[in-house]
Structures are given as structure tokens and as C-alpha cells.
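Participant: Here it is: the structure, laid out below.
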Amino acid sequence: MIALLSINFVAFFVFLLILKYWINFQRNKGIGKYIRKEGPSSHFQKSGTPVMGGIVFILAVFPFLFFKETFFISLSTILFGLLGLVDDLKLMENKDYGIRPLRKIFLSFIITLILYVFSPHDYKIYWGSHLIIDSSILYIFLFFIILIAVPNAINLTDGLDGLAGGTSLVTLIFLLVYSFHFKKIALEISLMITALLAFLWFNSHPAEIFMGDVGAFALGGFIASLSVVNKVELLLIFLSGIFLIESLSVFIQVFFYKWKKKRIFLMSPIHHHFELKGWKETKIVWRFYIIHLLIIIGGLVLWYWS
């Protein structure tokens, strides 16, 4: 335990130094976030904020690529993180668009196909201690849904200072407790949490750096693969809390607009709706933290009481 705490203590300051250097480097080079005109007007002041702070999430898992127990989790994090990095770089090159949504989903599918080869191939799906499904076809379908959906969901959540990072932190703390009997996996999660804390040091409102797609996709790949390894694929519905709500708000908005030519929300994802309703950014973030935590606790109660 002392060794674990020592490693994370040192890692925290290493990540802080890396992020501080990365922020200063981008400022000196004039690199920063481009805010699109159709976004909330309150975000225009964020223009020019350094990006791609999520690179530290890839650094946190890279050493674990060389261990059998953590290879799949690390590979998932790195591959999805690299997809996000390419998207960030394209956004810097062409400020209006990065990788097109359909192409991004297709690339996510290719990555998931690669990851399936290295996955545990345990086709059983549990709810608590109860075996719900034992079917390779259904499991493969669920595997692809999870690995594609979670990174994209966290990417949609990453729209306010500290929102995606803070909610991911809550999810990972619960996954750390659940994984504590797997020493290498627990160490990897603890280092990711440490990287997140270092990132949030600079991402708290007003943010000095954004995680970028590289961070959102890396976190998504990490959380999704952890749920597969820990056999909590169904519990992930609750562990995803706010990520799921944000994604559903986009789906509902698009579907209803195509159907009725009307919008349910002032803007989606739903955190922008509350911004346009006049809520302060910090109030939205903290209330979303609370909702996310309550959903996870509710899911855990159902999981263990089953």
C-alpha cells in the first residue's frame, strides 16, 4: 500500500509538470481551442485555450502495455486515444471540422475489431452474481456497442470545464474499489486517477487546458475495456451515468428534429441546454457530478441486492 501511494504521489507531480510544460508550449506557439460560432456565446472567451491535455492519460497506461493482465486495457486506451489525437490535429488544421462523425464511428469499429482479437473472450454476461447471458453472438454485439459507444459518449460530455474529467474520476474510483484484488489492474486505474487529478488541477473553471478528443477517447477506451475485463458490462449502464444522458440528449434532439422539425432542447448535448437557460457553468458541472454519483450508487445497490 505504501509503495502504491508513493508511486501515485510522484506520478501526480510528474503529470503536473508535463501538463504545465504542454500548456506553456501551446501558448508560446499560439496553439489553442477554436470555438465554433454556433456554440453558446459564453464559450467564446475560451477561444485559444490550450488543448490535448488528455495526452497524460495515454502516458499513464503506456507502461502497462507490457503486462498480460493489463495489455487489453492499455491497448484500448492508446488506440482510442490516438483516434482522438488525429481528430484534434485535424481540427487544428481545419478549424470547422475534424474527422467526420460517420468516419469516426467507422474507425472506432475498426479499433474495436482489433481489440476483440485481444479481449478475454469470456462470453458470459452477469448482473451481480447472476448469469444473464451465455451466448457468443450476443456478447460480441454487446462488446462492440460498449467499445464504440463509451468513448464517443465521453467525447460528447466534454463540453464544460471539469465535466468529463470529474465524472470519469467518479466512475474510476468505483472501478478501482471493484478491481482492488487485481493488483496490476488496480495500479493502472490508480495511475489513471492520478493523471485525471493532475489534469483537473488545470481544467477546473476557468480551464487552462482542455483534454481534447485524445483525452475523451482515451478515457472512454479505458473505462469500456475495464468493464469488459471486470465483467461488469451491464453495470456500465449505471457507471456511465451522465455520459449516457448526454448521448441520449443528442439522439433525442436529432431524431425529434428530423421527425417534427422542432427541437426538444435549446441545444444538445444537454449541458448546453442548461447554459442557454442561464445556469452558471460551475453549477451545471456540480449538479451533473451529483446526478452521476446518484446514478452509480443506485446501480450498485441494484447490482449487489440482486
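Note: Cβ is positioned from N, Cα and C throughout, glycine not excepted.
Below are the features listed in Swiss-Prot for this protein:
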| type | residues | note |
| --- | --- | --- |
| TRANSMEM | 2-22 | transmembrane segment |
| TRANSMEM | 47-67 | transmembrane segment |
| TRANSMEM | 71-91 | transmembrane segment |
| TRANSMEM | 105-125 | transmembrane segment |
| TRANSMEM | 131-151 | transmembrane segment |
| TRANSMEM | 162-182 | transmembrane segment |
| TRANSMEM | 185-205 | transmembrane segment |
| TRANSMEM | 209-229 | transmembrane segment |
| TRANSMEM | 236-256 | transmembrane segment |
| TRANSMEM | 284-304 | transmembrane segment |
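What does the local environment look like for each feature on the list?
Facilitator: Counting only same-chain residues 6+ beyond the ends of the transmembrane segment (47-67), those with a CB under 8 A from a CB of the stretch are 11, 15, 18-19, 22-23, 26-27, 31-35, 73-75, 77-78, 81-82, 84-85, 88, 92, 184, 187-188, 191-192, 194-196, 198-199, 202-203, 207-219, 222.
Tertiary neighbourhood of the transmembrane segment (131-151): same-chain residues 76, 80, 83-84, 105, 108-109, 111-112, 115-116, 119, 123-125, 216-217, 219-221, 223-225, 227-228, 233-234, 236, 240, 243, 247, selected by CB-CB distance under 8 Å and a gap of 6+ residues from either end.
Within its own chain, the transmembrane segment (162-182) has Cβ neighbours under 8 Å at 69, 154-155, 189-190, 192-193, 196-197, 199-200, 203-205, 207, 211, 215-216, 219, 222-223, 226-227, 230, 232, 239-243, 271, 284-285, 288-289, 292-293, 296, 300, counting only residues six or more beyond its boundaries.
Residues of the same chain lying 6 or more positions beyond the ends of the transmembrane segment (185-205) and with a Cβ under 8 Å from any Cβ of it are 4, 7-8, 11-12, 15-16, 19-20, 23, 53-54, 56-57, 59-61, 64, 69-70, 73-74, 161-162, 165-166, 168-169, 172-173, 175-176, 179, 211, 215, 219, 222, 226, 229-230, 281-282, 285.
Residues 146, 149-150, 152-154, 156-157, 163, 167, 171, 174-175, 223-224, 227, 262-265, 268-271, 273, 288, 291-293, 295-296, 298-300, 302-303 of the same chain lie 6 or more positions beyond the ends of the transmembrane segment (236-256) yet place their CB under 8 Å from a CB of it.
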